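Written below as structure tokens is the structure these notes are about.
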Amino acid sequence: MILNCAQPLPLLRHTDVPPRVTENFILTGYRFPNYSLRDCLMSAFRPTNETGNFWTHFLPVFVFFYYFVEVFGWEGAPGGDAPFFYPLWNYFIGVFCLLMASSMAHLLNSMSLVVREVCFFVDYGTISAYTVGSSLAYYYYIHPRAGILETGGHNGSHTELKQEPAGSPTSSYAIPEFSVFFEIFYIPSACIVAIICVLSCCNTRQRWRRHRYIIRTLVFLLPFLVSSTPVFYRLLTRSPYSTATSSFDASTSMPSFFYRHCLWLLVSAAFNISKFPERLAPGRFDIWGHSHQWFHCCTFLSILDELHMIKAEVRAILLSPTLLLPPNALARLPGPTAASTYGVMLLLQTTIVSIIMWFSWHANCIYGPQRDQLEKQHPKKQLKCH
């Protein structure tokens with residue numbers, strides 16, 4: 001009986017694969033872009049130059065989930081399906097999709113040149129969706145009121161709220177101009193910037209190729225600045241919590257987590273642009289230790305600190321129930337609803353999917369005709385054993 005041994009396909013040098021597949025200063029460990037789905041999945045357990053890229057974003061999914069679910073076990077926390085947690089679940093969806101799309105893009109991109117393009121289009125789309133998920137969490141947890149000050153305690157089932165006049169002693173931390181921005185422009189701005197980022201990053205795969213890493217890195221600086229506005233607001237003003245409360249103590253760690261979040265983002269950007277260390281020794285870091293793996297590690301550490309920052313603010317709110325904002329609260333900023341969280345993400349994702357489909361169609365027009373030619377140049381060689 002003749003059996004197919006399913007011998008792994010050979011790994012190649014940068015001179016043996018299409019130029020579209022090669023990366024700067026990475027000389028070996030390439031997979032030819034004609035792998036089957038099974039070949040791609042099995043390559044996760046082989047030392048290719050994409051193996052580390054896969055694992056450095058796949059394993060963090062489980063680490064993130066471990067720290068994420070801790071929130072639902074806190075004393076006083078509502079059920080996981082409560083509207084209060086809608087923004088947190090949207091944040092989880094954004095992070096989960098980012099990590100999974102990134103890891104799968106690096107694992108499956110050798111199926112064909114067209115699939116390679118589609119994989120990374122999806123990757124860019126999930127990064128943009130993640131920034132809006134973060135914005136929703138910031139909007140409702142980092143500074144839930146954005147200038148709306150509490151003037152009373154519990155009165156029945158809700159808290160009495162009103163806008164304090166400018167210059168009043170109790171409103172020293174409220175900036176009316178920021179209040180208008182948060183109420184009207186913050187979430188729409190985050191969505192528009194996310195769409196601009198998808199368009200720009202997808203374009204770097206079909207033009208602007210020479211400076212693609214710099215463009216992609218700088219493009220995502222804009223959504224960071226927009227989505228982090230509530231954090232900047234909190235850092236520039238005094239805490240909304242009284243210094244004698246447990247909420248204040250829980251919230252004091254927020255700035256340090258944010259600074260660490262920023263630090264890891266800066267380090268990841270440095271790796272992504274500099275191509276260090278493989279730039280110093282081309283060929284030595286082809287499999288393990290090249291810049292994209294460090295980029296993945298640093299981006300995940302930034303996400304983890306961001307999660308801890310959001311959790312600190314969630315705990316502060318839970319320790320001060322008068323700050324909860326149900327939809328019927330008398331506040332100018334409504335509490336989270338399905339429409340204002342899941343609805344926003346669904347609309348954004350629909351737009352991003354449309355953009356990805358358009359760029360994928362264009363990529364198929366460019367690289368589709370090359371599929372048969374590449375197959376003839378580099379046919380798969382299956383070994384058989386008797």
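Heads up, the Cβ atoms here are built off N, Cα and C, so glycines get one too.
Source: prediction; values computed, not measured.
Annotated in TrEMBL:
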| type | residues | note |
| --- | --- | --- |
| TRANSMEM | 52-69 | transmembrane segment |
| TRANSMEM | 89-108 | transmembrane segment |
| BINDING | His106, His292, His296 | Zn(2+) binding site |
| TRANSMEM | 120-141 | transmembrane segment |
| TRANSMEM | 178-201 | transmembrane segment |
| TRANSMEM | 213-236 | transmembrane segment |
| TRANSMEM | 342-361 | transmembrane segment |
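When Cβ-Cβ distances below 8 Å are used as the criterion, the transmembrane segment (178-201) is approached by residues 124-125, 127-129, 131-132, 135-136, 139, 143, 146-148, 163, 215-216, 219-220, 222-223, 226-227, 229-230, 233, 332-333, 340, 344, 347-348, 351-352, 355-356 of the same chain, each at least six residues removed from its ends. Listed in sequence order, Glu23, Gly52, Asn53, Phe271, Asn272 are the same-chain residues at least 6 apart in sequence whose CB falls under 8 Å from the CB of His292 (Zn(2+) binding site). Among the binding-site residues His106, His296, the residue whose Cβ has the fewest other Cβ atoms within 10 Å is His296. If you look at the transmembrane segment (342-361), the same-chain residues 6 or more away from its ends with a CB under 8 A from one of its CBs are 86, 90, 93-94, 114, 117-118, 121-122, 125, 128-129, 132-133, 136, 187, 191, 194-195, 198-199, 202, 205-206.
Within 8 Å of the centroid of the Cβ atoms of His106, His292, His296, where the record puts Zn(2+), the same chain has further Cβ atoms from Glu50, Gly52, Asn53, Phe54, Thr56, His57, Ser102, Gln293, Phe295.
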